[in-house]
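Copied over from TrEMBL, here are the features:
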type	residues	note
DOMAIN	6-105	domain 'Cadherin'
DOMAIN	106-214	domain 'Cadherin'
DOMAIN	215-324	domain 'Cadherin'
DOMAIN	325-429	domain 'Cadherin'
DOMAIN	430-539	domain 'Cadherin'
DOMAIN	546-658	domain 'Cadherin'
TRANSMEM	663-687	transmembrane segment
Amino acid sequence: AQLHYSVPEDREPGFSVGDLAKDLGVEVRSLAARNLRLVSEGGQRHFQVDLAAGVLLLDSRLDREALCGQSPTCSLHLQLVMENPLQLHRVEVDVLDVNDNAPQFPKPEVVLEITEVANPGTRLPLEVAEDPDMGSNSISTYELSPSKHFALSINVRGDGVKMPEIVLEKALDREKVPVHHLTLTALDGGNPVKSGTARVTIHVLDANDNPPVCDPPISKVLLEENVPVGTLVTKLNVTDLDEGPNGDVEYSFKTSNNAPGKFTKLFSLDARTGEIRTKAPLDYEESSAYEIAVRARDKGSPAMEGHCHLRVELIDINDNSPEIVLTSVSSPVQEDAAPGTVIALIGVKDSDSGDNGQVRLQIAKELPFKLVSSFKEHFSLVTSGPLDREKASGYNITVRAVDSGSPQRATQKTFYLRIADVNDNAPNFSSPFDTAHVQENSLPGTSVFSVSASDPDEGSNAKLSYSILDNGMQDAPISTYFRIDQDNGTIYTVRALDYEQDKVFQVPVEVKDAGSPALSSTAVVHVFVLDENDNAPNIVYPSVPKGSAFHQAIPALAEPGYLVTKVVAVDADSGHNAWLSYQLQESAEALPFQVERRSGEIRVAQALRESEDSHRLVVEVRDNGTPSLSASVVIVISPEENSMQDFSKSLDLPQPSSEDTNLTLYLIISLVSISLVSCVMFGLVAARC
């Protein structure tokens, strides 16, 4: 939107220029939240915004003449920027002229000369008074003090400036009145009227009675602004009807004290020929036209002069490149920003005029952005498609401004736009299934395995924490067996594991990022417990209390090979740790018995002697682990005369108890479980290969 206000130049600071909140249709209490701020296009700050009242206030006293000089209009251009959403409003403030300057002549006294033979109607040009005010407050008219011989004539120049001239109305007689003293008064059109005066002294001379005359007195020349230095602008056509020195004309520039030599720095005048040439580069953007006053004076006595007025108008050429102004840039921008989100406010300026000053903006087509014209010479850069920080974390955006001149001129400006991360990616494990092994009876705190996950987001959205989920597959919660370092994903044991109780664990691991809302994923780690030889063999037959002996009677005439009894033992370990071997402990005397190493059968090794006493055997059962563990039983064998070989009795092993049956069942289940897990793992490996 564009707002338009006006303010007189004499108002004090704090003067209310306009109600911004009302004109913008915005509630006053929202201005501070939307960070309303004022941007001056000229670099100087003359205004301020009262956020509490929502009005535009004058910050410093304005001087229209200092701001805009002699320009017929004086406007200050401001920009209002509001955020959430980002909006740009343009404010144009017209500075109204106040009659605060009185007319002033370049010199307080003007001395003129006129020959006594001058005819009535002879004109004596006067210096134009200066009034910095404009419009009705500028010079309105001139007045001359009463005189019998002179009157005042006012001519209007092509640019509207009133030029006073003294006109001779009655023939002069130098012998009667050699000098005339008059007062010239300049009046402006203000209210109240202000005035300025100059004393006019007219000396009456003899002789040279024809002044130089310009033909035409007022002329106009069109000139391109890029002409080379030294280019001929025009040659003045001046005639003087006198002869000799009275008709020999010299030319000079006519300047005023308020603007001494503004055009004399750009143009040169040949005093003899009246040729006007350029002596410095001309710039249309600095000034589009120049008013040149030339004085043509003859060499008579007294000298007479005429005045030529030349207006030089410059033709604009395309000699200025466009200028790009980044008013505001919203960086970074969220990667989930909707299409149409405003990214930047861009203004363009070109000091040229016409087609040379018409500018269009361009950006690369492959970027997910586009330019939208807000109003004249102002554009908004908005998103035109989805953004993805994981594919592009930022963009170097080059804005190119091209004018419509011939040849075209272009300017470009590049700025970097950072894309802010949004938690739109869940963490991802390197593998959804992993396998780990841990020795049973390992100390609590033993490292088992380290899982690894990655998150393509950044910052807190990529900060990962690991945790173990309870799957309910064990009797006790899985957290009583394992814990995980939430920062690095390392899994540790919480307590010593028992292979005989749990041979494999499924540990579900969850990884979660710190985004809002948080995203997560899971993986399963199969932890296999490796057996350790931590169980000694258990003798299930013969079953005797600890410290007691088992008594076995055999026939006194038992022959070698006779089966006396059989020792049966089991080991809760597995593999090599459960391989058992039987042997007799060494004794001081040689025993007529031997034990089968693998089966545990005790047989007569040699014929027994008659009346031989009982024998005490210590049978040791040892496993194959490292270190090896063992158990032993004491068997007392007594030969008896009446005892007969009863093979079935000798092998009368006790029926296994329910506890032994459960132990056997556990061994079978363990073997089947290990087999199934192995098959599953082999299948996964084969599938991945």
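Cβ coordinates come from backbone N, Cα and C, glycine included.
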Tally of residues which DSSP labels helix, strand or coil - the domain 'Cadherin' (6-105): 13 helix, 38 strand, 49 coil
Stretch in 6-105, 106-214, 546-658 most in contact with the domain 'Cadherin' (325-429), if contact is a CB pair under 8 A: 6-105
Leading stretch by Cβ pairs under 8 Å, where the reference is the domain 'Cadherin' (546-658) and the options are 6-105, 215-324, 430-539: 430-539
Residue distribution over DSSP helix, strand and coil in the domain 'Cadherin' (106-214): 3 helix, 54 strand, 52 coil
The domain 'Cadherin' (6-105) [mean pLDDT, rounded to integer]: 81
